[in-house]
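One structure follows; several queries about it will come next.
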Amino acid sequence: MFKTEPFIEESIEEIRKQIDNRRTIIALSGGVDSSVAAVLADRAIGDKLLAVYVDTGLMRKNESEEIWKIFKEQMGLNLKIVEAKDIFLKELEGVIDPEEKRKIIGRLFIEVFEKVAEEQGEEVLVQGTIAPDWIESEGQIKTHHNIALPGGMVLDVVEPLRELYKDEVRLLAEALGLPDQIAHRQPFPGPGLAVRILGEITDEKLAICKEANFIVSEEIEKTELKNELWQYFAAVLDTKATGVKGDIRDYNWVVALRFVSSLDAMTAHTPEIPFDLIKRISKRITSEIPNVTRVVLDVTDKPPATIEFE
């Protein structure tokens, strides 16, 4: 059985040894993995840590504002938000292949950190990498943005959670006193909404994806399912379908809903979701997002599918 207190003590000591009094930054996303890593690093080295949140433009609706409120205003972290939307979206123009998207995002992600590190005199990068990240990368299922680092990286990497699984990280979050909204927040992919937009990432599809995911989260979080599901989200498919808006034929985008249950993300299954809830989400998406004509439901387990679409 995983014991949190011994791990916390050993991890703090190990972080101190690895960092060796050097100035350090951490990639903070607001998810439970990076949040736990940030708290451990803060306890290990204190004011030598700078938490950096990169707004790639591919994050959830209102994400930057929430990150600032929680981590800066409530938790008092030394936080820097880097606005990098234009950089990421420009490089992703015309890119269709999902692995190419991930590699571009991974490269830019680290380049942004290197730039901040140089400006601030940082030398070490702490990451919230957990076991499924590197296991999947070594198995060549997917390349995770915090594993396939580009050549010539100038920062040393420290990964205090590398051997843990998500359920263990959540236990750590509770033991470290993180708020429930962080400790039990659903996982969000490192590349952000890029892996929930099939085909080319355009401003139109990105806006649809943000709003559709907001609607899904809002509806699920009104129910007990928020404590039972591993992930719940919407993806924008790279296809259009015919619909009717009023008395007029409409030809527009298709959104897929995905709900999965899992313990550690290595396997996952699709549980039964109340049909009236699915219908309510579908109705909201098609009525509140004008350029969506159809909503479909993905019921595929992992394996054979992965949890995210790309």
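Yeah, the Cβs are placed from backbone N, Cα and C, and that goes for glycine too.
Positions annotated as ATP binding site by Swiss-Prot: Ser29, Gly30, Gly31, Val32, Asp33, Ser34, Ser35. Look at Swiss-Prot and you will find 2-185 tagged as domain 'GMPS ATP-PPase', backed by sequence analysis.
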Under a three-state reduction of DSSP output, how is Ser35 (ATP binding site) classified: helix, strand, or coil?
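Its secondary structure by DSSP: helix.
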On the 0 to 100 scale, where does the mean pLDDT of the domain 'GMPS ATP-PPase' (2-185) fall?
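Averaging the confidence scores along the domain 'GMPS ATP-PPase' (2-185) gives 87.
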Quick one: of Gly30, Gly31, which of the binding-site residues has the smallest count of other CB atoms within 10 A?
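Among the binding-site residues Gly30, Gly31, the sparsest Cβ neighbourhood within 10 Å belongs to Gly31.
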Kindly assign Ser29 (ATP binding site) to one of the three DSSP-derived states: helix, strand or coil.
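Note: Ser29 (ATP binding site) is coil by DSSP, not helix or strand.
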If you count other Cβ atoms within 10 Å of each one's Cβ, which of the binding-site residues Ser29, Ser35 has the most?
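The most densely surrounded of these binding-site residues is Ser35.
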Return the count of C-beta atoms lying within 10 angstroms of the C-beta of Val32 (ATP binding site), excluding that atom itself.
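If we count other Cβ atoms within 10 Å of Val32 (ATP binding site), we arrive at 24.
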For Asp33 (ATP binding site), list the number of other Cβ atoms lying within 10 Å of its Cβ atom.
26
Identify all same-chain residues not among Ser29, Gly30, Gly31, Val32, Asp33, Ser34, Ser35 whose C-beta atom falls within 8 angstroms of the centroid of the ATP site's C-beta atoms; report them in sequence order.
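For the ATP site, the extra neighbours are Leu28, Val36, Ala37, Ala38, Gly128, Ile182, Arg185, Phe188.
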